[in-house]
């Protein structure tokens, strides 16, 4: 029996993995959806100052995330390579999220400095949780199908956490604002994070590492060499980055609901659709057992394009039909993100085979940084898009041209993104069959290295794994 066949992940462990993602993304959902509004309308700093903070933070992430991941790949403890980070990170994330939403009474310069320091610190500490969280999927099992189950559980938790933040945080903030208008956001964040903290700590207690580390010592230089050799990874990350078009649409929804549908409270429906879509995504492992991930990814992108084109021609006069189509599109995009994480995990063995070094953290740091960059670029493009269509801030009504532009932004703009993602994925050729063969050869190589007088080289897979 092969190692891959014996590495089945228990359901209890999958639920705990889900719980960690749920709790962690309470924080991500709060900061991603509400920190900009908190800065400008509660803390009282300018939109330009807030944008500058975001830009500096992303520049820091470009240095910190891969550097931290490379250091992580060189560490082994009695808990394993990644699991021990999941003990301390929840406490740090909880603390820094609360600091980010605390309104200080000070002059404007001090407020800007406080916002900048706490936001950059949040991004830094979030990476210390997110990178090992996703890296765990690569060491819980080396079986591609089991990894898809793990990644599905994780992504379900991530999307549910973000959706819960969008649904419950505004109501909690409004409730606490009745008693202290200045502390409404802080108290709402406190409640959310006190729920998320035990979920994350339980994840640390229950999740196990099963894939042994590479027998060779890994240096920081090795990790970056490993990253450069991982051609399939760059294709997956490129397709992941072009979710930027969907991130723009996510930021436009609130304007569309207010001006096109005259009801800003419909924003809550996006969160509800996210939860429903996340539950439906539980079928992803069944689909990947019957179809290659690459092919399924491309089909889902094609379906997203088709649904959004139908949405455009159907118009938004029929609200029920509009939300059905938006729900389908949310499902398709969410499932592609599950496949993305699963394919990233599979590329770890590709790089290990070609470099003789296993560097999971540096691989998943690419996902963490690409996700942050996609959200940041999307956030910046929202302002550009609104300016291009002639949007007038704080106006009671908008022109017909603006209304059409907003509808274009939630329909056809993401469709363009899905077309680009489909094109990127068409270049990906590292299939499940090639991954299974590499896992077999790695097991033989590791066994040979441990045997007395071992260390003989295995035949290459150049013809089977080339991405060229």
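Along the chain as shown, residues are numbered 1 onward.
Backbone N, Cα and C define each Cβ position, glycine as well.
All annotation found in TrEMBL is predicted automatically rather than curated by experts.
According to TrEMBL, the feature transmembrane segment maps to 20-39, 45-63, 84-102, 108-129, 150-169, 184-204, 233-258, 264-284, 296-314, 320-339, 373-392, 404-424.
Of the Cβ pairs linking the transmembrane segment (84-102) with the transmembrane segment (20-39) and spaced 6 or more residues apart, 3 or more are under 8 Å, so the two regions touch.
Among the stretches 20-39, 184-204, 373-392, the one making the largest number of Cβ pairs under 8 Å with the transmembrane segment (233-258) is 373-392. Between the transmembrane segment (320-339) and the listed ranges 20-39, 150-169, 264-284, 373-392, the one holding the most Cβ pairs under 8 Å is 264-284. Highest Cβ pair count under 8 Å relative to the transmembrane segment (20-39), across stretches 45-63, 150-169, 184-204, 264-284, 404-424: 150-169.
Long-range contacts of the transmembrane segment (264-284) within the same chain: residues 148, 152, 155-156, 159-160, 162-167, 170, 250, 253-254, 257-258, 323, 326-327, 330-331, 334-335, 338-339, each at least 6 residues beyond the stretch ends and with a Cβ under 8 Å from a Cβ of the stretch.
Proximity of the transmembrane segment (45-63) to the transmembrane segment (373-392) is established through 3 or more Cβ-Cβ distances under 8 Å for residue pairs spaced 6 or more apart.
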